[in-house]
Each structure stands twice: as C-alpha cells, then as structure tokens.
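Participant: Supplied in structure tokens, the structure appears directly below.
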Amino acid sequence: MNILGIETSCDETSAAVLSDGSVRSNIVSSQRCHTDFGGVVPELASREHERLIVSIVDAAITEANIAKNDLDVIAATAGPGLIGAVMVGLCFAEGLAWALGKPFVPVNHVEAHIFSPFISDEPGHREPKGDFVSLTVSGGHTLLSVVRQDLGYEVIGRTIDDAAGEAFDKTGKMLGLGYPAGPVIDRLAREGDSDFHRFPRALTASSQTSKSYRGNFDFSFSGLKTSVRTWLEAHDSEYVQKHQADLAASIQSAIVEVLVEKSVAAALLHKVNAISVAGGVSANSGLRSAMQAACDRHGIELFIPALAYSTDNAAMIATMAQLMIARGKYRIEDNSYGVAPFARFEAARKGAR
C-alpha cells in the first residue's frame, strides 16, 4: 500500500510517501520567514504553505519513484495546529484524493507524534510489547499519555500554561538567542554548568509535598519564564553574556528534569515498562540523555524517534494513517471528503479513546 502523507500544521511544509510500511520519501521545508518576528506568524505560515505545497508533494512522489495513480491512500493533518495552515494541507490533500479517486484519511497531528518513534525505517526498529507512557513535547503541546496497543490512549497530564518548547523559545529570546531558540539553548548547554543557577521545577516532588504531588502529571512552565526574566533584570548585560552558556544549561536542566521525573513516575505508577518521547523537543540532546539514564535506572525501555522524525514531518502522518487502517481505527470503505479542520487538541482526561 502506497500512502501519501501531508503535514502543514505550523511552519513546516512536508510530504512523504510510505510504501508497505517503509518510508520512501520525506520532504520537509522549514519556513525561515518568521525569524524576525520572534515566533510563527499564522498568516505568513499559511501563505508559505500555499506557495510550497505543490512542489513539496511533487518532490515526495518523485523521490519515491512512483506515479500519482500508484497512490492507494492520501492522508493529511486535520489538526491541531494553526487553522489557516492546517487548511492548506487538508484542502490540498482532499482535492488530490478526490481527483484521483483515492480514499482520504484525516490524521490528528498530536497522535501522529505519539507513534512517530515507531516509523519503520529507523535503524534497529522496535515497538513496545504492551502499553506504554508517551511524552509528547513540542512548542505547542506538552502531554503525558498512557497508550494502548489498539491506538487508544488516556491523557494523564498536560501543561496548564506554556508548553515546554515554548519555554525554551521564550527564555532563549530573553537571552537574545533569536528564534527558534530551542536548538541554540541545546547547543550552548553542552558547554555550560547546569548548576550555575537553580530555576524552579514547578509541580514536582521538589516543589511541593509528596502528598500533593502524587499522581499529578500536569506541567507548568510559566513560572520558569518569570524566574528567568527576574534573574536577568537583576544582573547587568555583561555578566549575562559571560554566563550565557551556564544560563542555557540551567534553563535546560529545569525543563528536562520536570519532563523526565513525571514520565518515569507515570510509568511506575501505571506499571508499564516502556516510555516513548516524541515531538520537536524530543530532538533536545539533554532530554534524550537524561531520559535514557532515568529509564536505565528503572529498567524501562525508551523509544525516541530518529531526529528526522522528531520535528513536524509528513512521514509520521502517513505512518499514523497506516496504523489507523491496519488496526481498524479507520475503514477505507467509509471514506468521505469535507473533513473540518480543528485548531485545538481535544482528548478526554479520563477514559480511553
């Protein structure tokens, strides 16, 4: 089965072809037009997707060495994301599917991230043998879920204010690192001292009594931003510049420690022996190494996507579509067009999907 996946939920325009479970192509174009604005401008993102979508899809099909008529299924992100950006890929995909007489599969962007560690062209590809805890962490989302083999899941924790990726970008902006700042903080942190300053770790065992913490898997990063701003205002610019790497390491440590602590605690509480980490922040080297070390200490198996599949990409959309079909979550014979895009992630906090 040949599946074309299309992803346009934020500022990456991507198309990929999956053939019988193997990635044949994965073309990603990251928009650079937002740098001067310090964040993604929704209208600019939509216009860039409109400008690039045809050439990106054509490139993915060409690299896969197939013809459009060889496609069996077309899938695209239906949300969550910037609604105008989502609509570009969704409408294009539905139109192409209709024109070719092929079934269309709408995919939840966050769910695609959850299963991205299992994209089948990874070296040493493997999957959990049972249920697992998923940490999905990006610029827009920070979710902790317990995932079942039938693709159902229960969200047990989410951010109550800012996402972890947003915390990286906004604190980095305060340090004058530009946008996106996450990768720059990661690079600087390797040269800095994470013990230079201890920024707050909200909603963790170290920040409150064990009784109030137990079972609380929500996240909060707004206090970290405030703490960083307060620290910067109390020190002159020369001192800040001198210790930029130390500050980056301290900020990264504060974010990573929370993510790791809650993920491992969730796995132990729910008695699962596997954790997956996905989303753009899963590319962070500090998170990868700290999560691996914590999992090793507790005998938990760790699954993280290859770097190419950590950030937004269409291979994960095509892979999710394949899983939905294979595991009975989507029936091709029930195919319909005119799917409504959605901006926000809607998942029940209690009860399985």
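All positions are counted from 1 along the displayed chain.
For all residues, glycine too, the Cβ spot is worked out from N, Cα and C.
The Fe cation binding site annotation in Swiss-Prot covers H109, H113, D312. Annotation comment: Swiss-Prot describes T136, V137, S138, G139, G140, D169, G182, D186, N284 as substrate binding site, evidence class sequence analysis.
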Participant: Tell me the coarse DSSP state (helix, strand, coil) of T136 (substrate binding site).
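Facilitator: SS state of T136 (substrate binding site) = strand.
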Participant: Show which residues of the chain containing T136 (substrate binding site), separated from it by at least 6 in sequence, have their CB under 8 Å from its CB.
Facilitator: V110, H113, I114, T142, L143, L144, S145, A278, G279
Participant: Write out, in the order they occur in the sequence, the residues of the chain not among H109, H113, D312 that have a C-beta within 8 Å of the mean position of the C-beta atoms of the recorded Fe cation site.
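Facilitator: Everything else in range on the chain: E7, S9, T77, G81, V110, A112, S116, S138, G279, N313, M316, I317.
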Participant: Just how many other Cβ atoms lie inside 10 Å of the Cβ on N284 (substrate binding site)?
Facilitator: 26
Participant: Rounded to an integer, what is the Cα-Cα distance in Å between N284 (substrate binding site) and D312 (Fe cation binding site)?
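Facilitator: Between the Cα atoms of N284 (substrate binding site) and D312 (Fe cation binding site), the distance comes to 14 Å.
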Participant: If you count Cβ atoms within 10 Å of the Cβ of D312 (Fe cation binding site), leaving out that atom itself, what do you get?
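Facilitator: Taking all protein chains shown, D312 (Fe cation binding site) has 27 Cβ neighbours within 10 Å.
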Participant: Fewest neighbouring Cβ atoms within 10 Å: which of the binding-site residues H109, H113?
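Facilitator: Per-residue Cβ counts within 10 Å for the binding-site residues H109, H113 bottom out at H109.
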Participant: Using a 10 angstroms cut-off on Cβ to Cβ distances, just flag whichever of G140, G182 is the loneliest among these binding-site residues.
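Facilitator: Minimum Cβ neighbour count within 10 Å, taken over the binding-site residues G140, G182, occurs at G140.
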Participant: Can you check which residues sit near S138 (substrate binding site), meaning Cβ under 8 Å from its Cβ, same chain, 6 or more apart in sequence, and list them in order?
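Facilitator: Non-local contacts for S138 (substrate binding site): H113, A163, A164, G165, G279, G280, V281.
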